[in-house]
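Feature annotations, courtesy of Swiss-Prot:
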ACT_SITE  TYR134  active site, proton donor/acceptor
ACT_SITE  LYS162  active site, schiff-base intermediate with substrate
BINDING   THR46, ILE204  pyruvate binding site
SITE      THR45  site 'Part of a proton relay during catalysis'
SITE      TYR108  site 'Part of a proton relay during catalysis'
Amino acid sequence: MSIFKGSAVALITPFTQDGVNFDELKKLLEWHIKNKTDAIVICGTTGEASTMSLNERKETIKYTVETVNKRIPVIAGTGSNNTKSSVEMSIWAEKIGVDGVLVITPYYNKTTQKGLIEHFKSINDNINIPIILYNVPGRTGLNILPETLYAMRDLKNICAIKEASGNISQIAKIKALCRDRFDIYSGNDDQIVPILSLGGSGVISVLANIIPQTVHDMCFSYFQGKTTDALNLQLDTLSLTNSLFIETNPIPIKTAMNLLNFNAGPLRLPLCSMDEKNLNTLKTDLKGYGLIK
């Protein structure tokens, strides 16, 4: 039940001062389809879902599904630290036509590994579309252990994991335990090729917001056996990637997009404008990559 192979953009949400800029969202979606993005992830971390109202999230997901119109998969962020809310949002997302859901581990209240299994099972048992688990312990304080993922192998709708732990050894252990049962997507743009080398299926990418073709090419060069080409793309984009995470994501990527004349709009508090020194570093890397003058 694989959803996509290659590069899914973790899409920013373009805002106006008081809402979502749907005109700009449409332009971004069309641009990504034209520039080889393989799937759209909407209302995730990079999309600032945590500072959007429920109605805004629903309107944005529905608009994305309607605009993309099955040309590439649309994956909606539907998770929270409340199991009932996660289930309800996932049921709603399936009804309006998303191709899959991205479900983060519960945060703040955290739970145990047993609680994780029960949380994800509740979502699995209430929908019939693919589920990607999202493991990002640096944000949630909770790590999905390889053994825990293996214990969920019989939950038929759980098809993949977005691995943003940064722990290559853990990802190798996932592959060793689970083999081909789950797709593994890199959640870190500086680890795309390393995770592909462990049998990964692609990336859910922040970097693809500004260079989608390159991230797609990195993945498909690897899939086609052109591993040196893929590695060179990984290394060539490393400095730019580092700049995009010099402050909390999505502060730098949204700043970069505004510098590139996308109408990404403002960040929502508590996210704020970049420190001047970090902004200059970002500008230097954007210039170095030929994206701005």
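Even glycines carry a Cβ here, placed using N, Cα and C.
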Among the recorded positions TYR108, TYR134, which residue has the largest number of other Cβ atoms within 10 Å of its own Cβ?
TYR134
Distance, the residue listed as 'active site, schiff-base intermediate with substrate' to ILE204 (pyruvate binding site) (CA atoms, angstrom):
7
How big is the gap, in Å, between the Cα of THR46 (pyruvate binding site) and that of TYR134 (active site, proton donor/acceptor), rounded to a whole number?
13
Counting across all protein chains present, how many other Cβ atoms fall within 10 Å of the Cβ of LYS162 (active site, schiff-base intermediate with substrate)?
26
Tally every other Cβ atom lying within 10 Å of the Cβ atom of THR45 (site 'Part of a proton relay during catalysis').
22
What is the number of other Cβ atoms found within 10 Å of the Cβ of THR46 (pyruvate binding site)?
23
Would you mind pulling the DSSP three-state label for THR45 (site 'Part of a proton relay during catalysis')?
coil
